[in-house]
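Noted in Swiss-Prot for the protein shown:
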COMPBIAS  7-19  compositional bias 'Basic residues'
CROSSLNK  Lys14  ubiquitin cross-link
CROSSLNK  Lys16  ubiquitin cross-link
CROSSLNK  Lys120  ubiquitin cross-link
MOD_RES   Ser2  phosphoserine
MOD_RES   Lys6  N6-(2-hydroxyisobutyryl)lysine
MOD_RES   Lys10  N6-lactoyllysine
MOD_RES   Lys10  N6-(2-hydroxyisobutyryl)lysine
MOD_RES   Lys37  N6-(2-hydroxyisobutyryl)lysine
MOD_RES   Lys75  N6-(2-hydroxyisobutyryl)lysine
MOD_RES   Lys76  N6-(2-hydroxyisobutyryl)lysine
MOD_RES   Lys96  N6-(2-hydroxyisobutyryl)lysine
MOD_RES   Lys96  N6-glutaryllysine
MOD_RES   Lys100  N6-glutaryllysine
MOD_RES   Lys119  N6-(2-hydroxyisobutyryl)lysine
MOD_RES   Lys119  N6-glutaryllysine
MOD_RES   Lys120  N6-glutaryllysine
REGION    1-22  region 'Disordered'
Amino acid sequence: MSGRGKQGGKARAKAKSRSSRAGLQFPVGRVHRLLRKGNYAERVGAGAPVYLAAVLEYLTAEILELAGNAARDNKKTRIIPRHLQLAIRNDEELNKLLGKVTIAQGGVLPNIQAVLLPKKTDSHKAKSK
């Protein structure tokens, strides 16, 4: 026998994605490819795409959590751009991060300046006179 073939060799382990190794939903491999193709640097370390994917996943989860709360407050089961807008603009840190971002179909925050509100008069004094 010449020793060819796979009779005695170890079976190769099932391939495991870098996303699953890191416990992430966002694609680490795709982020790595985009970092390489984007001409951000000549070389990209192995940890950089994992870290960036984790940050993106966290920010997405945070925004979706707040948008889901906004949708529930409006008695809706589907998140629409309006809910994203309300979630981002009502959160101080997200509003600072995404301050220059325009969300299509997002609308504006409801805001009436105090000067424009009707003056509060004492209705009890007016009725007694």
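The backbone N, Cα and C atoms fix where each Cβ goes, and this holds for glycine too.
Swiss-Prot feature annotations superimposed on the structure.
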residue : record                         : contacts (Cβ under 8 Å, 6+ apart)
Lys10   : N6-lactoyllysine               : none
Lys14   : ubiquitin cross-link           : none
Lys16   : ubiquitin cross-link           : none
Lys37   : N6-(2-hydroxyisobutyryl)lysine : none
Lys75   : N6-(2-hydroxyisobutyryl)lysine : none
Lys76   : N6-(2-hydroxyisobutyryl)lysine : His83
Lys96   : N6-(2-hydroxyisobutyryl)lysine : none
Lys100  : N6-glutaryllysine              : none
Lys119  : N6-(2-hydroxyisobutyryl)lysine : none
Lys120  : ubiquitin cross-link           : none
| query | Within the compositional bias 'Basic residues' (7-19), how many residues are helix, strand or coil going by DSSP? | reply | 2 helix, 0 strand, 11 coil
